[in-house]
């Protein structure tokens, strides 16, 4: 192993060198040879072969902007796959902040961004000289379909501890990934098509890395969980995976799936200085823009932000998944009702306080010490219509139910955030789980209830199970970073074991683990935290309340969420 590669990995949690083969790992993919590096986790003799920045599609530049991904071009020399690829274009400041908040690494890596970003990272503990066939776990990152990247998530611990091949993929984001004119000129969902292309690449190549293409689990968090859910529903992803895990995000998650995004396309065109007369004119003009110009448009869209002063109906904080007739032939709720989807074993979970701190902070909600009476709450929820998709008269009924204190008593802010968390995450996750169960597929649910020690110091101690908190456990942050309690290390080991057992055989249960009941008509689920135990009927009352309320007060326009 070369000295520079050693320096890269000689961090506190690693030891590089002992027990490594004499030469770095090399794999011959369909497109050409890739050279990786060996890394060992402290205390483990078996090294993991790591390949970073492996291309799975042609760079989506020029005429391939707003077009389906094309297979990567072959190469004749050996491609060096030992450094992190650039992340897909996004707001660089927010992208770096989110990376630093969510990463399981100890070290911080300065991020690079590019439109040329269709790469994946592979972590394999397999002996590449033998024909191992290990389970494959493909991670799809979150970030509201506008932020995030592969290299935030180091697969070393999960791969080492559970003897699985971990693949972390990237996909086009924001305007680049989801711009849709609603017709043949730019159907949209380019980012999801990138995810499908990455899964095809895994089918064609992962056996060379010691992975079993017949045992692929897709898992993701937030918009990554929504992406997993979309792929479960999509005919394009049939037979590309055998199991699925959605953490804090499903295809019914508010704001992330729309029937029609034409108004947003026209707004993007106008901000970019393009005429929005016809679809062809918009697409042609936007393809001429530099990536920096489109980044300027992205920043002007104020993605992920609550606009407290403008017209909320004109607000577009997401560039969402769209009903395109190809990836999504119908709206998610219709596909679920028809039971015509990929009925693979499925874990769906939420965190106890999904709208506890990180999301309201990023979206510019007032800080927790702001006094909140019912009138202020009503105003905030009206401004949140982009996220909640609630008719105005439903908001008043919901406030009556959730905000039980007429005047400010200190609890109203928490109750408002609970309301938003239920609408955006809790209720949709239960409805998707029920639909999956009713289609006859093995389904498991969890609620994560733990406050990791790696959280930002700015997060209030009262927030337990914030959005994204489970990622630290799933990717072994307590082991990789060190300096944490035995309880937190054991929680991480347990969650990795649950996830990997599920990847191995479609059932998370195993020796030495608390029993996780299947989500059947009794609706048993697992509460995961300092104490992990079975419970029943997650969010049952909330689902009943919102289902009944929205049935009575159906929106006259599109109804995309609950």
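Quick reminder: no glycine exception, Cβ is built from N, Cα and C everywhere.
Annotation source Swiss-Prot lists signal peptide at 1-19, citing similarity to another entry.
Per Swiss-Prot, the feature N-linked glycosylation site maps to 80 (among others); the stated evidence is sequence analysis. Long-range Cβ contacts of residue 80 (N-linked glycosylation site) within its own chain (separation 6+, distance under 8 Å): 35.
For 88-117 (among others), the entry in Swiss-Prot reads disulfide bond. Around residue 117 (disulfide bond), the C-beta neighbours below 8 angstroms that are at least 6 residues distant in the chain are 85, 86, 87, 88, 89, 149, 170, 172.
Taken from Swiss-Prot, the feature active site, acyl-ester intermediate covers 222, and the record attributes it to sequence analysis. A sphere of 10 angstroms centred on the C-beta of residue 222 (active site, acyl-ester intermediate) encloses 29 other C-beta atoms.
Positions annotated as disulfide bond by Swiss-Prot: 274-285 (among others). Around the Cβ of residue 274 (disulfide bond), the number of neighbouring Cβ atoms within 10 Å comes to 20. According to its DSSP assignment, residue 274 (disulfide bond) is coil.
The feature N-linked glycosylation site is assigned by Swiss-Prot to 276 (among others). All chains included, 18 other C-beta atoms sit within 10 angstroms of the C-beta of residue 276 (N-linked glycosylation site).
Sequence-distant contacts of residue 354 (active site, charge relay system), defined by Cβ-Cβ distance under 8 angstroms and a gap of at least six in the same chain, are 248, 421, 424, 425, 426, 465, 466, 467. Under the DSSP three-state reduction, residue 354 (active site, charge relay system) is assigned to coil, being neither helix nor strand. As annotated by Swiss-Prot, active site, charge relay system applies to 354 (among others), with the evidence given as similarity to another entry.
The secondary structure of residue 467 (active site, charge relay system), as reduced to three states from DSSP, is coil rather than helix or strand. According to Swiss-Prot, the feature active site, charge relay system maps to 467 (among others), an assignment based on similarity to another entry.
Summarising the annotation, Swiss-Prot assigns N-linked glycosylation site to 490 (among others). Residue 490 (N-linked glycosylation site) carries a helical DSSP state (H, G or I). Residue environment of residue 490 (N-linked glycosylation site) contains 13 other Cβ atoms, counted within 10 Å of its Cβ in all protein chains.
Taken from Swiss-Prot, the feature motif 'Prevents secretion from ER' applies to 559-562, supported by sequence analysis.
Cβ neighbour count for residue 285 (disulfide bond) (all protein chains, 10 Å cutoff from its Cβ): 15. Counted within 10 Å of its Cβ, the other Cβ atoms near residue 88 (disulfide bond) come to 29, all protein chains included.
In the structure as shown, the Cβ atom of residue 467 (active site, charge relay system) sits within 10 Å of 28 other Cβ atoms.
Taken residue by residue with DSSP, residue 285 (disulfide bond) is part of a helix. A gap of 32 Å separates the Cα atoms of residue 222 (active site, acyl-ester intermediate) and residue 285 (disulfide bond). Here the CA atom of residue 276 (N-linked glycosylation site) lies 9 Å from the CA atom of residue 285 (disulfide bond).
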